[in-house]
Amino acid sequence: MEQLLRDALLFLSKNRTANRAAKRYGLRFGASRFVAGETIQTAIDAVRGLNKQGIVATLDHLGEFVFSEEEATESADFCIKTLDSIHQSGVRSNLSLKMTQLGLDISRDLCMSNMRRILDRASQYGNFVRIDMEDYAHNEITLDIFKELRREYGETVGTVIQAYLYRSEADIDDLNRFKPNLRLVKGAYKEPPEVAFPKKEDVDRNFIKIIEKHLLYGNYAAIATHDEHIIHHVKRFVKENHIPNSQFEFQMLYGIRVQLQQELAKEGYTMRVYVPYGNDWYGYFMRRLAERPANVGFVVKSMFKK
Ligand code: FDA
């Protein structure tokens, strides 16, 4: 039953009519629990609040379903504005983005020119940009572009590896020559058994495997999970292997496991929260519900609240 609901939510996350309606009507159905408002100002305020608790952030201007060059350019402009606002406000945050937002499905050249504009600005500010990993159809091209940009921009750019994919362990090995800063996650999209582990226990096992491998290579890891077992395992592993706290950070999503975020920050770990904002919140919100269908109960309640 839970799997059915999960599949339905992931299916709905790609519904374009619902996506358009969501943009028009503003943050609804409790989405504000997971999305830090529609404007950059509300997002910067949210980051300031986190910074006060010793937590750093990565800001993401939400966007999906980009079909024209104009929309892709506008999305890139938003990313640049986000970097400007981070710099001007002095908050401690970097930037996360999705390349389909920047025109990856229209043309590689368009996406690259938008990426270069963003990375030029990030380099100017000494900031960092993380390329989120999307569905499997975009995996290979994302890694290709990452390698090219890593050669051009060095440590200004990083990307993400998803533990649910069979290929990820080999990708960790292949990427090692770039000494990359990688965010490691379980994976959020619905993928077929031809490319991804169908069972949660296999995903969890592979997650631990790639985290350990990447850390032992001496590379920087952003361990992005709300899973306490994995977090405990990592804490123990780094201690046993004398891996310094400066070689990794924990990451969680805005509004999820807030207390655990605060505890990790207090224990002296770098804790970074992914703070999404903007009016294109629908797909992101539906994926969060799919990760934990119990949240649907909370959404239903919020629909009836004034
Ligand atoms: P898991 O799903 O096993 O959850 C462990 C526990 O955490 C649950 O039992 C529950 O208590 C809590 N929890 C998890 N999700 C919750 C939710 N939505 N609401 C409330 N509680 C919840 N994916 C991807 O494919 N590409 C990407 O670029 C990214 N980027 C990214 C950045 C950051 C900072 C994070 C934290 C995650 C991502 N992800 C992602 C999403 C990731 O792949 C994964 O889907 C989610 O993190 C959920 O998996 P967990 O590791 O938290 O474990």
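Positions of Cβ are set from backbone N, Cα and C atoms, glycine also.
TrEMBL does not curate its annotations; it predicts them automatically.
Keep in mind that what you see is a predicted model, and the values were worked out from it rather than measured.
For the FAD site that TrEMBL gives as MET133, LYS186, GLY187, ALA188, LYS200, THR225, HIS226, the extra residue drawn from GLN124, GLN162, GLN247 is GLN162. Of all the binding-site residues in the record (MET133, GLN162, ALA188, THR225), the one with the smallest CA separation from ARG288 (substrate binding site) is ALA188. Proximity to ligand 1 (Cβ under 6 Å from any of its atoms) holds for these binding-site residues out of LYS98, LYS186, HIS226, ARG287: LYS186, HIS226. If you compare every pair of Cα atoms in LYS98, ARG287, ARG288, the residues listed for substrate, the longest distance is 16 angstrom. Here ARG287 (substrate binding site) is positioned 15 angstrom away from THR225 (FAD binding site), judged by their C-alpha atoms. Around THR225 (FAD binding site), taking its Cβ as the centre, 21 other Cβ atoms fall within 10 Å, counting all chains. GLY187 (FAD binding site) is surrounded by 21 other CB atoms, counting those within 10 A of its CB over all protein chains shown. Cα of GLY187 (FAD binding site) to Cα of LYS98 (substrate binding site): a span of 14 Å.
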